């Protein structure tokens, strides 16, 4: 039996997460493995009920679970709070830290039936199937920072630093993932300017001998941003530091036609966190307009990376593909000639395909 902490969160979270849970229940029946789901508060919902974005009991539940499934946190309701107390900061960052999650995995895979939904031309975007491995615990976001008045006027600074050990663990993970895919790794840095990037590049060079079957290329981050829209199918696995990864993964998210299609995993410790890449979308919350597929695909990543159930994960991905191929679309993907469905109906369609497939 696997224990899964379920954190719906805010906005559309309580609508999309149950659909992923139901898909996992269908997997459970299909393969005969039991999942135990335990729900808890996080984010703005936790602030409203408990006065804190990450209650101790939620954190303890996550620690005692085998994996965590998260919906989304945040929204305008809590934007008046001090930045350090807002759901996005006060829930996600400490949760990642406490669980020891140092790597974020963001796949960008374009289903054939969604090629026309991409903002890029068909001939450019066809064949896109990449994953960005982003370092989560170092870099600018966690370095020393300050804003102050000086004799010369107001100034501010942020500090970027990395240890070789931090780089080694994320790079080895990326090599391992590349070895399981198409054996091509692109390491993204800014080694022509940044000292941290030069250490990053040197570390990649030192480690690549451990993975002789993987082809490695180094690419400056500005060039990578250009190549992602010029020829995205050239990429297999991209590994990069925190800030660059944050930007590039959001850029890659538009390739698939909707951010509502993009899952993610944060891994590194004993317990991994799985969540869709999109936010809480409070403007459509409670209206059955949200796309649950990113959350369902995040559940598939859970099966693959936490439970080593690769075949079950592939079955979910294939079920999603068949639903899309039949023309069913949530509002974010809808175009004339397709069949408009709501959140729960889309989840039901995936479950039906999974059970019949």
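Note that Cβ sites are derived from N, Cα and C of the backbone, with glycine treated the same way.
Sequence annotations record features per position, and here Swiss-Prot assigns NAD(+) binding site to 75-88, 279-291 based on sequence analysis. Close to residue 289 (NAD(+) binding site) in the fold, though at least 6 residues off in sequence, lie 330, 331, 332, 342, 343, each with a CB less than 8 Å from its CB.
Taken from Swiss-Prot, the feature substrate binding site covers 96, 106, 134, 222. All protein chains included, residue 134 (substrate binding site) registers 27 other Cβ atoms within 10 Å of its own Cβ.
Residue 246 (Mg(2+) binding site) carries a helical DSSP state (H, G or I). Long-range Cβ neighbours of residue 246 (Mg(2+) binding site) (same chain, at least 6 residues apart, Cβ-Cβ under 8 Å): 134. The Mg(2+) binding site feature in Swiss-Prot is assigned to 222, 246, 250.
A coil conformation is recorded for residue 141 (site 'Important for catalysis') in the three-state DSSP classification, outside any helix or strand. According to Swiss-Prot, the feature site 'Important for catalysis' maps to 141 (among others), an assignment based on sequence analysis.
Within 10 Å of the Cβ of residue 190 (site 'Important for catalysis') there are 18 other Cβ atoms, across all protein chains. Positions annotated as site 'Important for catalysis' by Swiss-Prot: 190 (among others).
Annotation note: residue 83 (NAD(+) binding site) sits in a helical segment as assigned by DSSP.
Closest to residue 285 (NAD(+) binding site) in space, going by CA atoms and restricting to the recorded positions 96, 141, 250, is 250. Closest to residue 141 (site 'Important for catalysis') in space, going by CA atoms and restricting to the recorded positions 79, 83, 106, 190, 222, is 83. In the three-state DSSP scheme, residue 96 (substrate binding site) is classed as helix. When the binding-site residues 75, 83, 87 are compared by the number of other CB atoms within 10 angstroms of each CB, 83 has the fewest. Of all the binding-site residues listed here (96, 106), it is 96 whose C-beta has the fewest other C-beta atoms within 10 angstroms.
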